[in-house]
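Enquirer: Take a look at the following structure, please.
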């Protein structure tokens, strides 16, 4: 792809995200979402592979439908209340439509089918953008409208996402699909707490983005698209594989790693809200996710492949592991001791 075109698309991504997160009018938020969608489509389809083209079309159709629902929801609300302010969403039908639209944008169950397929058709770096940056504007809209959302619907979708994200990731061999189901499971954790403590949802999203960025950039460095490639990569980059293992365990939410903090705080908040059953259910469902994170971690460091693999082995890394990845990995593993300082900000 032409570097100038790529620069325009990345700048449009930042512009669209900035417009959505800084707007308080529905039309501006919708405009930002549309700019984002149009900027990411060429990045998904840039490899010109049939699977990439298919992924771009699926992404466009789902996002267009979700954007139409956002517009429809805000128009109904404006019709009944005369308000175009995002925080003034009070009409029940609008609230229901908006929850559905944002669930489609994010890939929450039962609107999750497009997400693993789109990630599988993208490059690792585009998949990273889709899993982190493209989720930020919809999460912000949920944050702004958290007072008006339907708690029963959101809790049901959240628990279903946590369960299905863990369940579907169990038998995957493609790293991008595993991380897609991991994303769906984490979105369940974010959605369940958005009504009761919106700032905690943002904290969870920031830490999830940090850990996912580390995993995607590590996999991108070792060019690992399949688990079999991860198995043979320890000979090239032993230190990177060791930090990848710890980051995956952090993503699973094991103490004393960074990923334990949001899960611990969410379970604590749900218990305070007398939602002990929901807290127990979502905690038990996260064990499914723990299984495939452990499998990935096991493959990345401990397993020796039993036979020769049919992909080309890279015995020499062209470039050293960059400083950004080192910083992200350190933060993904060791932020838990700083939790008192983080808690003072939420």
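Every residue, even glycine, has its Cβ placed from backbone N, Cα and C.
Relevant sequence annotations retrieved from TrEMBL are reproduced here:
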{"type": "DOMAIN", "residues": "23-288", "note": "domain 'NADH:quinone oxidoreductase/Mrp antiporter transmembrane'"}
{"type": "DOMAIN", "residues": "290-343", "note": "domain 'NADH dehydrogenase subunit 2 C-terminal'"}
{"type": "TRANSMEM", "residues": "7-23", "note": "transmembrane segment"}
{"type": "TRANSMEM", "residues": "57-76", "note": "transmembrane segment"}
{"type": "TRANSMEM", "residues": "96-115", "note": "transmembrane segment"}
{"type": "TRANSMEM", "residues": "152-171", "note": "transmembrane segment"}
{"type": "TRANSMEM", "residues": "178-196", "note": "transmembrane segment"}
{"type": "TRANSMEM", "residues": "202-219", "note": "transmembrane segment"}
{"type": "TRANSMEM", "residues": "240-261", "note": "transmembrane segment"}
{"type": "TRANSMEM", "residues": "281-302", "note": "transmembrane segment"}
{"type": "TRANSMEM", "residues": "323-343", "note": "transmembrane segment"}
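Are these features on the surface or tucked inside, and what are their neighbours?
Expert: Within its own chain, the transmembrane segment (7-23) is flanked in space by residues 29, 31-40, 42-43, 86, 129, 133, 136-137, 140-141, which lie at least six positions past its ends and keep a Cβ under 8 Å from the stretch.
Sequence-remote contacts of a segment are chain residues at least 6 beyond its ends whose Cβ falls under 8 Å from one of its Cβ atoms, and for the transmembrane segment (96-115) they are 33, 58-59, 62-63, 65-67, 69-70, 72-74, 76, 89, 130, 135, 137-139, 141-142, 145, 149-150, 153-154, 157-158, 160-161, 164-165, 180, 183-184, 187-188, 191.
Through the fold, the transmembrane segment (178-196) approaches residues 103, 106-109, 112, 115-116, 119-120, 127, 131, 135, 139, 142-143, 146-147, 149, 151, 154-155, 157-166, 168-169, 172, 204-205, 208, 212, 215-216, 251, 262-263, 266, 269-270, 273, 278, 282, 285-286, 288-289, 292-293, 296 of its own chain, all at least 6 residues removed from its boundaries and within a Cβ separation under 8 Å.
Here the transmembrane segment (202-219) has long-range neighbours at 124-125, 127-128, 131-133, 135-136, 139, 143, 175, 179, 182-183, 186, 189-190, 193, 225, 230, 240, 243-244, 247-248, 250-251, 258-259, 261-262, 265-266, 324-325, 328-329, 331-332, 335, 342, 346, meaning same-chain residues at least 6 beyond its ends whose C-beta is under 8 angstroms from one of its own.
Within the same chain, residues 158-159, 162-163, 165-167, 169-170, 172, 175, 178, 181-182, 185, 188-189, 192, 227, 230-231, 233-234, 241-242, 244-245, 248-249, 251-254, 263, 266-267, 270 sit at least 6 positions outside the transmembrane segment (281-302) and bring their C-beta atoms closer than 8 Å to a C-beta of that stretch.
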